[in-house]
Amino acid sequence: MRSEPTNAAGNTTLGVTSVLQSTSVPSSETCHVSYEESRVVLVVVYSAVCLLGLPANCLTAWLTLLQVLQRNVLAVYLFCLSLCELLYISTVPLWIIYIQNQHKWNLGPQACKVTAYIFFCNIYISILLLCCISCDRYMAVVYALESRGHRHQRTAVTISACVILLVGLVNYPVFDMKVEKSFCFEPLRMNSKIAGYHYLRFTFGFAIPLGILAFTNHQIFRSIKLSDSLSAAQKNKVKRSAIAVVTIFLVCFAPYHVVLLVKAASFSFYQGDMDAVCAFESRLYTVSMVFLCLSTVNSVADPIIYVLGTDHSRQEVSRIHTGWKKWSTKTYVTCSKDSEETHLPTELSNTYTFPNPAHPPGSQPAKLGLLCSPERLPEELC
């Protein structure tokens, strides 16, 4: 068990003390870090993610489910992403309580393992699903004609299931790790195995996905830029969307993965000098925790960029809101048959018709990524 002495400055000993010699780890295996330095920032950010992410992802899940039922391929990835985000957000209050309670976990080791498992799975499921979304858009835009007969919902479901299964298996060793009585997954003392794991996470969990996102979004914008049927404003809209996708990815995930890389590199540099490694990790503790927390902001940014920020989603939300107002009015106000017939054309017009000069009269609104003609691309991508 790790000790938990805390001084007035909020410094807490992490590691194994000589109190429990049965662990066969000497007392020098302790590092001193400050929990108080990051407490306020972590609580504020996690609280904001919970308050904003819950309604945003609930609405996103509903909107994308409607598109899934209409056989939309891209919506499958977005729906899976929103479900994963909702599962993670449901555990955020536990982290807030843990941090506010000076990093003391009172819910038992199994609850700690499940919560941590969901936390880390969500990070990498989100990253890989974002890559799937960008690749699907890339195929739908750059190879619109060639991919038309090859993009199927069944394929999207299979890929999403494989992503979730792969990440789940990679993180499954979490359940085999020993969890201390009062702590829940505090940073472990660096060793060669953990350093190698950090290198792999940086390479396959960040660097390669970043390359995929940058390449696909650049190619999408390049393809749109060459189109003669789009206005400058429409092209700029696609450009801003592509830049936003890569920027949010960098802001949310780059800091934490860079810290992982630095930690692993420091272990290699000090060549097993545990005192030096411990001192270095202690200095990085606050930064590491803040950057890990920052990665969860992705749970709020993704639904806004990919779904809620699109023109069609705003129209759908407006339609639902108008329909709700109409239903509420009919619930409390009884109208005569003649009155209903008189106002029916107006009600239908206000509720269900969304004039759009880009669509021929009587056409249906474009789905999220299904229609890929040059005239419809900006609406799909933005």
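Just so you know, glycine gets a Cβ as well, placed from its N, Cα and C.
In Swiss-Prot, Cys184 is paired through a disulphide bond with Cys112, chosen from Cys112, Cys121, Cys131, Cys252. With respect to the membrane, Val33 and Gln102 are annotated on the same face, judging by the topological domain names in Swiss-Prot. When other Cβ atoms within 10 Å of the Cβ of Cys112 (disulfide bond) are tallied across all protein chains shown, the result is 21.
A contact links the transmembrane segment (43-65) to the transmembrane segment (287-309), because at least 3 Cβ pairs that are 6 or more residues apart lie under 8 A. Listed by sequence, the residues of this chain that lie at least six past the ends of the transmembrane segment (287-309) yet keep a Cβ under 8 A from its Cβ atoms are 38, 41-42, 45-46, 48-49, 52-53, 56-57, 59-60, 63-64, 78, 81-82, 85, 88-89, 92, 122-123, 126, 130, 133, 187, 241, 244-245, 248-249, 251-253, 255-256, 258-259, 263, 317, 368, 382. Counting same-chain residues at least six beyond the ends of the transmembrane segment (242-261), those with a Cβ under 8 angstroms from any Cβ of the stretch are 123, 127, 130, 134, 198-199, 201-202, 205-207, 209-210, 213-214, 217-218, 220-221, 284, 287-288, 291-292, 294-298, 301-302, 305, 381. Around the Cβ of Cys184 (disulfide bond), the number of neighbouring Cβ atoms within 10 Å comes to 21. The stretch with the most CB contacts under 8 Å to the transmembrane segment (199-221), chosen from 77-99, 114-135, 156-175, is 114-135.
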